[in-house]
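**Q** Take a look at the following structure, please.
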Amino acid sequence: MDSCNCIEPQWPPDDLLMKYQYISDFFIALAYFSIPLELIYFVKKSAVFPYRWVLVQFGAFIVLCGATHLINLWTFTMHTRTVAMVMTTAKVFTAVVSCATALMLVHIIPDLLSVKTRELFLKNKAAELDREMGLIRTQEETGRHVRMLTHEIRSTLDRHTILKTTLVELGRTLALEECALWMPTRTGLELQLSYTLRQQNPVGYTVPIHLPVINQVFSSSHAVKISPNCPVARIRPAGKYMPGEVVAVRVPLLHLSNFQINDWPELSTKRYALMVLMLPSDSARQWHVHELELVEVVADQVAVALSHAAILEESMRARDLLMEQNVALDLARREAETAIRARNDFLAVMNHEMRTPMHAIIALSSLLQETELTPEQRLMVETILKSSNLLSTLINDVLDLSRLEDGSLQLDLGTFNLFAVFREVLNLIKPIASVKKLHVSLNLAPDLPEYAIGDEKRLMQTILNVVGNAVKFSKEGSISITAIVAKSELLRDSRTPEFFPVPSDNHFYLRVQVKDSGVGISPQDIPKLFTKFAQTQSTATRNSGGSGLGLAICKRFVNLMEGHIWIESDGLGKGCTAIFMVKLGIPERLNEPKLPFMPKVPTNHGPTAFPGLKVLVMDENGVSRMVTKGLLVHLGCDVTMVSSSEECLHVVSHEHKVVFMDVCVPGMDGYEVAIRINEKFTKRHERPIIVALTGNTDKVTKENCMRVGMDGVILKPVSLDKMRSVLTELLEHRVLFEAI
Amino acid sequence: MDLVQLQRQFVDYRTSLYHEGFLDEQFTQLQELQDENNPDFVVEVVSLFFEDSERLLNELARALEQQSIDYKRIDAHVHQLKGSSSSIGAQRVQKVCIAFRNYCEEQNVEGCLKCLQQVRHEYSLVKTKLESLFQLEQQILTAGGSIPM
């Protein structure tokens, strides 16, 4: 026996059990060594494993366990103490590590478990999302289909194309077997099959509109499932197959009048079309909600598109109509213009042609009047004259009126004496009035300006016409003429609301009223008065002559003068009042102040005397001085005589209204005197009127006189009449340059 | 001579004056200016004319006797005379004055002297005539009649 430190195993090594244990230990050790290798290999492969540290621990534990079993193999036979030592060390290490690992696992296993649950949760979520995505996708596809359909429908404005396209696209999108559109007939009592998808030309099937199923569809804005057996759905020959599901939806037919501003069109029309959609037979397809929604949306779009098409049709028709009318109007205008031109040419020619013989007739008749005639002959000649005068007036009137209507007549504006116009009218009318024993009175308002700017001739014509009418239509009584300046309260006459006169600084409105007590006018005739060629039919006026143009012309003149004319009458037999207002300009105040010596109502020849008019006469020649003085004294003036320029300048004052000076004597500078007088009197109205008396007949003298500011030049010798008219002229107009 | 005859004589005489060109329209104007306010107007004016003309004629004679003739002055005088004569209607005198002025402008001494003579002649003629006319007038007035127009 060796005294080796061997340990004998418990049991003999040749025992069978021992052999099996030996083999098992060997395999265990093998497995225990290979497991960590595998672990390391796979962990190295996956980079994400989070518990490396645990793995290392585990690996160590396993390796040590394997080592333990491996060393155990040697303990089956006799083995030295060293082996036993190693074995023990290994076991101790293994124990430590496995305990550590066990402790570690206590921390780790719950974490691992929760990872697992989270994984499950996420998987569920993913499945759910998938489902939703599927839904959204379906919806989006529907939307796309709608958009596409809408685009197709709205890409045309033709009604037929719209409807056809709708059916086609719907059929395609929803894979329909048949799609049909029923439109209400004109009577509104039936629905007629208008369009289908498969059949090209639908024969006119009609269905009464008041079927319950149709009412059901029309009363709801949703697509409604209907039975495949109802009349609207039975358009295909019944096959041997199971018909697919049918859905119907209403399509509102909108009119232009439905579109209120800022309002969605109200569906109060109650006119609907019916769209019927059929799924293919023998398919197990059902109508899905999103498909129904699609159908409803499309139906609305179709309604809108149809209404647009209707509007377009309407506007096209209106535009065509307008164009036609424009063309017609253009033609009419051109024709009218041609007609007017032709008429004007005619008038112009006829005017001249007519006037020439008229002139001859009138002239020769008046000459004839002057000769020796028997009373009968005189009567005849007078009648001829009167008639030709009438005719001449008529010709003038017609020509005037046509010019007035063209608007080619223009007023001849000028400054004129307003009072003189009225006096003239009065003078002209007095003879006739006195023959008819009518009393004529003229009333001029005190604030009426004496001078005005306007068309004197035509104003006189107007006044004369109005007054003449008053005289013509009055058999007895009186005629009163009143002229005032229209104040603003009176300007807005209640009877003429459309007339808005606006007075200004440069203008005033003259209001003339002519009242007569004659036959009057009945109210229904008043509007016709100013119509040309229209005459009232009462017998009294039938023989009064006149062409009926007078008032029409007056109205035109008054309108040209921016005024208004009207006639009021209380009825037949109650007289009538003619009133007109015209706009006249106010001239510059050159003619003021009015001389207090001027008689208020001068006759046609002007004043015969100028009582008290202070006059200064400057003349070196005693004789002519005396003669001039004699002239002026005879006319009633208060004459001061001077014989030299110094004396003249000394004596002249603002009291002298006129200064007569002789300028043709050489050596005495009359011009100088004029200049000095001009300087002396700065205000124009204070300065006396300076008149040169000269025997010189050359233009130089006249120009010199005008240059130095003289107001007039007269040639010597001066007769009485000449002096009288000179003074009148000077005092009226402050200027007189005799033609030299 | 009785009134009617006087008046007729007056009218004839006056008409002859017009016909012979001694008087023109202006004289008629003067007569028209005569009225009850101014009864002697015509006589006054004519007298004034006579005075004026005589003065002027003397001036003219003197001026033309000068060695160096002042034509401007002469022209002024003649102008005055022309004015006066035309104012009362002494037509002939006026006509000569016009010719006189032309010679003055030409500074023609001969012409001027000749004209002066003519003027004198015409003046004295018209003076005599007018004086006779006034005498006749006076006679009529004394006889209690009125001067026929």
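Cβ atoms are placed via backbone N, Cα and C, with glycine included.
Automated prediction, rather than curation, is the source of TrEMBL annotations.
The Cu cation binding site annotation in TrEMBL covers A:Cys65, A:His69. Feature annotation from TrEMBL assigns ADP binding site to A:Asn469, A:Ala470, A:Val471, A:Lys472, A:Asp516, A:Lys532, A:Ser547, A:Leu551. As annotated by TrEMBL, ubiquitin cross-link applies to A:Lys716.
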**Q** Taking Cβ distances under 8 Å as the criterion, give the subset of the recorded positions A:Ala470, A:Lys472, A:Asp516, A:Lys716 near chain B, ordered by sequence.
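**A** Checking chain B against the recorded positions, the residues within range (Cβ-Cβ under 8 Å) are A:Lys716.
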**Q** Do you know offhand how many angstrom separate A:Leu551 (ADP binding site) and A:Cys65 (Cu cation binding site) by C-alpha?
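**A** Computed Cα spacing between A:Leu551 (ADP binding site) and A:Cys65 (Cu cation binding site) is 144 Å.
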**Q** Using C-alpha positions only, work out which of the recorded positions A:Cys65, A:His69, A:Lys716 is nearest to A:Ala470 (ADP binding site).
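**A** Comparing Cα positions, the closest of these recorded positions turns out to be A:Lys716.
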**Q** Using a Cβ cut-off under 8 Å and a sequence separation of 6 or more, which residues in the same chain sit near A:Val471 (ADP binding site)?
**A** A:Ile429, A:Ile432, A:Ala433, A:Lys436, A:Leu438, A:Val440, A:Ile479, A:Asp516
**Q** Return the residues near A:Lys716 (ubiquitin cross-link), defined as same-chain residues 6+ apart in sequence whose C-beta is under 8 angstroms from its C-beta, sorted by sequence, else 'none'.
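**A** Non-local contacts for A:Lys716 (ubiquitin cross-link): A:Ser624, A:Asp662, A:Leu693, A:Thr694, A:Gly695.
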**Q** Rank the binding-site residues A:Ala470, A:Leu551 by how many other Cβ atoms lie within 10 Å of each Cβ and give me the one with the fewest.
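**A** If we count Cβ atoms within 10 Å for the binding-site residues A:Ala470, A:Leu551, the smallest count is at A:Leu551.
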**Q** How many Å lie between the Cα of A:His69 (Cu cation binding site) and the Cα of A:Asn469 (ADP binding site)?
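**A** Cα to Cα, A:His69 (Cu cation binding site) and A:Asn469 (ADP binding site) are separated by 157 Å.
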**Q** If one measures from the C-alpha of A:Lys472 (ADP binding site) to the C-alpha of A:Cys65 (Cu cation binding site), what distance in angstrom results, rounded to a whole number?
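**A** A:Lys472 (ADP binding site) and A:Cys65 (Cu cation binding site) have their Cα atoms 156 Å apart.
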**Q** At the Cα level, what's the spacing in Å between A:Cys65 (Cu cation binding site) and A:Asn469 (ADP binding site), rounded?
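**A** Rounded to a whole number, the Cα-Cα distance is 151 Å.
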**Q** For A:Asp516 (ADP binding site), which of the three DSSP-derived states applies: helix, strand, or coil?
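**A** Where A:Asp516 (ADP binding site) sits, the three-state DSSP reduction gives strand.
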**Q** In three-state terms from DSSP, label A:Lys716 (ubiquitin cross-link) for me.
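**A** Reduced to three states, the DSSP call for A:Lys716 (ubiquitin cross-link) is coil.
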**Q** Within 10 Å of each Cβ, count the other Cβ atoms and name the one among the binding-site residues A:His69, A:Lys472, A:Asp516 with the highest count.
**A** A:Asp516
**Q** Just jot down the residues in the same chain as A:Asn469 (ADP binding site), at least 6 apart in sequence, with C-beta under 8 A of its C-beta; none if empty.
**A** A:Gly550, A:Leu551, A:Ala578
